[in-house]
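Taken from TrEMBL as is:
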type     : residues : note
DOMAIN   : 308-588  : domain 'ABC transmembrane type-1'
DOMAIN   : 625-916  : domain 'ABC transporter'
DOMAIN   : 821-1076 : domain 'ABC transmembrane type-1'
TRANSMEM : 34-55    : transmembrane segment
TRANSMEM : 76-100   : transmembrane segment
TRANSMEM : 115-135  : transmembrane segment
TRANSMEM : 147-168  : transmembrane segment
TRANSMEM : 307-333  : transmembrane segment
TRANSMEM : 439-460  : transmembrane segment
TRANSMEM : 533-553  : transmembrane segment
TRANSMEM : 808-827  : transmembrane segment
TRANSMEM : 847-873  : transmembrane segment
TRANSMEM : 936-958  : transmembrane segment
Amino acid sequence: MEDLWMVFCGGSGNLNIGEKPSSSSLVFQPTSCINHALIICFNVLLLIMLLFTFIQKSSSSPKIDKIPPRLQGYSRLQIVSAIFNGCIGFVYLCSGIWILEEKLRKKQTAFPLKSWLVVLFQGFTWLLVCLNISLRGKHLHRMLLRLLSILAFLFAVIVCALSIYSVILGKGILVKIALDVLSFPGAILLLLCVCKVHHHEGSDERDLYAPINGEANGAIKTDSAVQVTPFAEAGFFNKISFWWLNPLMRKGGEKTLEDEDIPKLREVDRAESCYMEFLEQLNKQNQAESSQPSLLWTIILCHWKEILISGFFALLKILTLSVGPLLLNAFILVAEGKAGFKYEGYVLALTLFLSKNLESLSQRQWYFRSRLIGLKVRSLLTAAIYKKQLRLSNLGRLMHSGGEIMNYVTVDAYRIGEFPFWFHQTWTTSLQICVSLLILYRAMGLATFAALVVIIITVLCNTPIAKLQHKFQSKLMAAQDERLKACNEALVNMKVLKLYAWETHFKNAIENLRAVEYKWLSAVQMRKAYNSFLLWSSPVLISAATFGACYFLKIPLHANNVFTFIAALRLVQDPIRSISDVIGVVVQAKVAFARIVTFLEAPELQSGNTRQKCNKGTVKRSVLIKSADFSWEENPSKPTLRNVSLEMRHGEKVAVCGEVGSGKSTLLAAILGEVPFTQGTEYIMGALSGKTVLLVTHQVDFLPAFDSVMLMAVGEILQAAPYHQLLSSSQEFQGLVNAHKETAGSKRLTEGNDPQIEGLPAREIKNSHIEKQHRTSQGDQLIKQEEKEVGDTGFKPYIQYLNQNKGYLYFSLAAFSHLLFAIGQISQNSWMATNVDDPHVSTLRLIAVYLCIGIISMLFLLCRSISVVVLGIQSSKSLFSQLLNSLFRAPMSFYDSTPLGRILSRIASDLSIVDLDVSFSFIFVVGSTTNMYSNLGVLAVITWQVLFVSIPMIYLAIRLQRYYFASAKEMMRINGTTKSLVANHLAESVAGAMTIRAFEEEESFFERNLNLIDINATPFFHSFAANEWLIQRLETFSACVLASAALCMVLLPPGTFSSGFIGMALSYGLSLNISMVLGKCQLQEAVQEKDQGLDSLGKLVEYDEPTKLMKKEGSVFRQLVKEYRSHLHAAESH
């Protein structure tokens, strides 16, 4: 630093340590080196602001701003400002070049730099800034333009005042003083230009581009009706600061957010755009490659730009994070009296503040953009799965049941959507470890190789655990599919189960499948716990190995290298600890993606099986099949229907009858193109057009109304004729009719003609059916809208989770173990800070005590890891048992009013979150909270003065969190309810895929699915954006606390603290962040998913209300009220 200062300032700037410069030379003297450095920094700030303005303009430039050059009119004020300020900037540049030339000519060197570099910077900055403000004001963002002009005015005022004072003292260069004074009126001209430009900006441009009447009415209505997220039009500054989210957060603070309050996604982020881009890229890959393209590579090509941008921010975050240990080392040197220049401590405190803010900015953009990529990937996969199930062949449906398809969307697609958030950590972890090792080598020398060996051993030990975790995760997903398949079948046929009292048998069968799932769930979670213990304990092993190597290599330990090592070790331990999470996410995503790819590659219905349409006027038949064989398995040797020949004319009503298993439904499916034909020909001339009706029924009461009846048996059509002719000529048909007569007790069907039925018009039969439907549709709405809680639920979801199976015991044990682990870490560092410079404590004793404390801490860490796993498994068992009991005890009215997809979403995605994530989220909150308060405690103990800053910051952080949660909780709840809409629509589409294809409504249903995906993605997008909005502001608060602590250490007299405690305080301060908030947000989201699932199903046990009306005395039927559902009118009362 001293050499750099000499290069810039020369001998005049080389102040000795302890020398106190006069106030005039530091503040009022324009020629002082400090002022020259500040002026250059201010010029750099103006250039950065101008660069931000250009970036913002290029990133969001509306069409209205693109005014043709011939229409641009410059006022006299703009022209005068441009000429005046341009001349000042040009003279500045010429003066700087002239000063540099004189120095080179006289002294043969350009050093010191301050005399000519400051003039060149001023000229270059003033020329660019002033010309852009004067001439390109209409093209720049209003807020940034105003800010830029105000900063330029303040800069001119300060420079002008300093130059006038310099004239009074009789110092300085006259040409430069004149330019500094003239820059003041130039800045006034700039302010006037800005005011004039924006005064007429709106009216001029609107008049110029006003649309012709009626020409843009549709567009205007559309824009006003559809509220798009401000992120779509946000500029660069708004995006990096999440300022565009302020209107939504403000609205959430004023009222309870509803679905319509949340703006829609950008066009490029919607499901349709993502899916079409995916198809386009897939087609390009198909044309370029002969083999089948990789779906993973196709998805990467769709989002490679976003991946690179988020990767840039990830790289920037790693680089800024690595600055911390270097600054700590410099602070310790300043504390030991080895400063490079007088004000190095102040510069270091400012640099620390800026680096922490830049680290926060880059990390927030990294996380936000990665989650946005994950959202788009999830949307396109959900759309692709839905589209695929509409075209899935019969063989494919045997391979993938409806429950499995539901699992692909509600579980697998969401797991893959989380993977981009962790993707960059697969390489940033390695990069961060490498950078940290370089810092460790700078501090510890050859002893760093011992740390490297421990890291390599740790990674190698993780390899077999990762393989086992992949194996167990695959088994777990397969077991989950089996359980979900059984649940789906039970729920679909719940009416039959209740009719025959089979609930207990099916419930036991599902519980047995769940027991198998528990086996693999325990295996996955225990491997995750072992991984966590190994990686969390690795910093203790690394430090022990490094200090031991220092002892054997005779490397002295002192505060400078020890706490630089500890700070760098904190850089290592974070990526090492995250290895287990990265491995878990990668394994889950790999398994999920393999399952989805298998489904997307399943066989589809052949295009030849679909209907062929012809003109009704030229062809007299609607359906024509000649000697055709049909097989579900596409196997000619095993046809399901044999030798089928039939024809249907326009307007005919044809019935198909036969015993159960005779092939009636298969024939109908074959006509619809669902069953491949292996032999013969099939023509469908516009199915059902011209009122052609084909009915498959067991209700022989309606057969007399049809023109033709086809009798089937053993997969063959035995005979086809009108009803009366078939009844008189076919013994099989007479037996079928008589069997129905005996069963139903009908007196209308006899061997002869019945005049009532024979004379009954078909229109009356149809009208009676419609009238019945109309009567049953009256009354209250059958399907109830999914309920969601409003406002702050407090600790209700947490208490509800911990009440399961000794949850409080396991949670308390895990939390207490982590607290003792944190205390152990503080004790380790305190021991080192107290005794590292004590000559009475030997190096061996110093290392031995440090290691013993670390080993004891590792035992508490192991106890914590096991307790978390037990907590999660026991809570999952209890919650699933309650859930299953509620489902099988619920009356049929519940299933009439609750869509099947909503229930399946609860037992699929919500239960998966409870199984895998919630328990670890709990301990993550405890760990983050403990670490934050321990870091603050260490800072407060060493420098109590920091409390004057930290207490107001904590108060502001609490208020900001409350402001955030008012909106975030509602968005998470809306996300939970809209997710069940996607699941419900998928379940209904899977069940009715044949009907959808029969009416050729695939595109309509697919559009509905895309719309539901966007409805669900909208609150999720704004929810994780709100997370980053909050954390960025809270991390700014923590940077203020850290910079204040560093400034206190600089301002306090030398010797107040030992260098060891200064190093310890700053090493804890560098890791001071508000990760507790992120953990709390993630926990709230996970528990909200669980709570939302149990809220609707947990109320099922309340269907015993009639028993509460029974009195102990009197008649049992006194005050009896009977009702079908609680929200309907009473059906009977006594």
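Using the three backbone atoms N, Cα and C, a Cβ is placed for every residue, glycine included.
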Checklist entry - Is the count of Cβ pairs under 8 Å between the transmembrane segment (847-873) and the transmembrane segment (808-827), pairs 6 or more apart in sequence, 3 or more? => result yes
Checklist entry - Hey, which of 76-100, 533-553, 808-827 has the most Cβ-Cβ pairs under 8 Å against the transmembrane segment (439-460)? => result 533-553
Checklist entry - Near the transmembrane segment (808-827), which residues from the same chain, at least 6 beyond its ends, have a CB less than 8 A from one of its CBs? => result 802, 853-854, 856-857, 860-861, 863-864, 867-868, 870-871, 874, 922-923, 926-927, 930-931, 934, 938
Checklist outcome for this item: Taken over the domain 'ABC transporter' (625-916), the predicted model's pLDDT averages 73
